Amino acid sequence: MATEEISRTQGLNPSQQSSSLPDYPQMILEAIETLNEKEGSSMSSIAKQIDSTHSDLPASHSTLLSHHLNQMKQMGQIVMLNNNYSKPDPNAPAKRGRGRPPKPKVPLPPGVVVSPPRPRGRPPKPKDLLASPKPKSVSTGRPRGRPPKKAKTGTATAPPPPPGVKRGRGRPPKVLPSVGFQ
């Protein structure tokens, strides 16, 4: 059972696993070392090298190769530059993530107690119960704000329609004042 699980993770069935094929990551690394190209090896050159070295490859060789190349690239076992794969340089600096790096934290001397971080926002005003209330400013006699509307008085409004008569749709026609015609 354990050999079947291992072979499934590599994409091979048990009959092909019994042959003398090494696993794909090992074959890929051997092909990159054998080709030893300065700019790295392309996927097609790696495939040709593996094909020439190992004759009994499965029918899904190209799919397995691309899968394992991507997997090895994600794990950092190989590096891809300009569509060419190569081994990572051991002297190269580690690959940095995106964005601005965090500031280095200075270690505190022993015995110093770290206070909790300050809360966000504006601090509240102090509530002093013993303080005398503020004296009111000199008022002008008028209250603050906009004065309230006053009710209209003495204006002529149109008489309400007789009950039971429905109004028509839209704006009503202009009522002409009754002027004597001669």
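Any Cβ shown, glycine's included, is placed from N, Cα and C.
Model, not experiment: these values are computed from the prediction.
Annotated in TrEMBL:
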type	residues	note
REGION	1-59	region 'Disordered'
COMPBIAS	8-21	compositional bias 'Polar residues'
DOMAIN	20-89	domain 'H15'
COMPBIAS	41-52	compositional bias 'Polar residues'
COMPBIAS	75-86	compositional bias 'Polar residues'
REGION	75-182	region 'Disordered'
COMPBIAS	143-152	compositional bias 'Basic residues'
Contact yes or no, the compositional bias 'Polar residues' (75-86) and the compositional bias 'Polar residues' (41-52), 3+ Cβ pairs under 8 Å, gap 6+: yes
Structural state census, the region 'Disordered' (75-182) (DSSP three-state): 1 helix, 6 strand, 101 coil
